[in-house]
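Everything on this sheet refers to the single structure shown next.
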């Protein structure tokens, strides 16, 4: 049994919970710092990254979230969650949690009216993964320890750095659970390593 939390400060929380629910997975909605202790993995949902950062600071999550990732526990960030994880944000002096060695650009694919859906090849997940882009960021560049798992044209939209997974789009807004299953597998593998 693995325990995965969805950070519930803002964003598509219930959609992520629905996608994560599976035999052998206990999913919880995380609203308090002390809930992090029992988790094996954590999801940062989409939303608005600046607002999410304000709430992270307000409720004392900043250092505990960094410590959670530093323990080698898997973290999965989608859309605004991806921005929270990046070490660098284009046009800004610094990142937020600065977990993944990458530079992201906010709203890279346009504002809400320019949102779109497409099918993508995502390494380790599938070659027909439905991707819903809503005011999505893109990953401009990644460090040498970061693997690019998917591109839309020439733009990086999914990357992984060890136990950290970042995605520009919203896999939780489709009925395809393969992306979340991929993350669940990351969590199971990390827990096995931690226990050995």
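Using N, Cα and C of the backbone, Cβ positions are placed for all residues, glycine too.
Copied over from Swiss-Prot:
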type: ACT_SITE; residues: 79; note: active site, nucleophile
type: ACT_SITE; residues: 170; note: active site, charge relay system
type: ACT_SITE; residues: 172; note: active site, charge relay system
type: BINDING; residues: 47, 48, 49, 106, 134, 135; note: L-glutamine binding site
Extra residues within 8 Å (Cβ to Cβ centroid of 47, 48, 49, 106, 134, 135), L-glutamine: 46, 79, 80, 83, 107, 136, 137
Under 8 Å by Cβ from residue 47 (L-glutamine binding site), counting only residues of that chain that are 6 or more apart: 9, 10, 11, 12, 79, 80, 81
The one of 48, 172 whose CB sees the fewest other CB atoms within 10 Å, among these recorded positions: 48
Sequence-distant neighbours of residue 49 (L-glutamine binding site) in its chain (C-beta under 8 A, six or more apart): 80, 81, 83, 84, 96, 106
Number of Cβ atoms other than its own within 10 Å, given for residue 135 (L-glutamine binding site): 18
Least surrounded among the recorded positions, given as 106, 170, when other CB atoms within 10 Å are counted: 106
Entry from the recorded positions list 79, 134 having the most other CB atoms no farther than 10 A: 79
